[in-house]
C-alpha cells in the first residue's frame, strides 16, 4: 500500500510539473545568430544597411508610382502595391532581429511570436497571389479590386493556421533556433501529435507557393518562345536580359520557400533553414526594386522629375 501510495504521489507530482511547464511557457527565445557571438555587431551593421536600402528603394518606387502622372498605368499601380508590400514584409522580421542583435535580449512573447508568424505568412501569400498583371483591358477599379482581393483573401487562411499551431501545448525547451517565428521551428517545440499541423503546412505550401510558381514558369516559357521569334538580335538580347533577371529573382524566392516548407521534417536543420529564410525574407526584397523598377527608363525619368521638384 505504501509503495502504491508513493507511486501515485510521484505520478501526481509529474503531472503537476508537466502542467506547470505548459502554463509557465509564456515566451520563447529567438536564438538568431547566437552561435557566432563574435559577429554580432558586424551582422547588426549589415542587416541595418540592408533594411534601410529595402525601405528607401521600395518607398521611392511607391511614392513615384502614386505621384507621377506618367506612371498611372496598371503595371505601375501593381509595382507600387508590391513595393509597399515589400516594406511590410521585411518590417515583420528585420527590426526584431536588429533589436535582438543590439540588446542581446532575445525573448519574444507567445502573442508576439504568433503575430509575427501570421504577418509573415500573410505577406508571403499576398506577394505570391498578386502578380504583375498588365492586360490593356484593365481599368483602375478592376486593379483596386484585384489588390483588395489579394490582401483580404489571405486573412482567414493565415489566421486559421496560426491559431491552429498556437493551440498546441508547448513544454520543455523554449529556444527557437531561428531569427523569426517561422512554422517549422515552432512545431519542433510543440508537445503532442503535430501531424495535422504539418499536413496543413504542406497543403498551404502546395496551393499558395508551388502552384503559382509552376504557372509563372509556364508564362515565362511562353515569353521566351515569343522572344525567340523577334527579328532583331539586339531586341532578343535586351528582352532576354530583362526576362533572365526577373526569372532569377522568382526562382530564388519560390525555390527557397518550397525547399523550406515542402522538404521532409527529418531533413530539416536549423542552419539550412536560416540560410534559406534569408533568401526569401531579405535577399529578394533587396533586389526586387532594382530588377522590377529601377532599371526601367520610365521609372528613372519619373525619379528625376520628383528630385527636380
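Start at 1 and count along the chain as shown; that gives each residue its number.
The backbone N, Cα and C atoms fix where each Cβ goes, glycine too.
As stated in TrEMBL, the feature transmembrane segment covers range 239-263 out of the listed 164-188, 239-263. Among the ranges 76-94, 95-113, the one that TrEMBL lists as transmembrane segment is 76-94. TrEMBL lists transmembrane segment at one of the ranges 17-40, 41-64, namely 41-64.
Checking the ranges 139-158, 199-218 against TrEMBL, the transmembrane segment annotation falls on 199-218. In this model, the domain 'G-protein coupled receptors family 1 profile' (57-292) carries an average pLDDT of 82.
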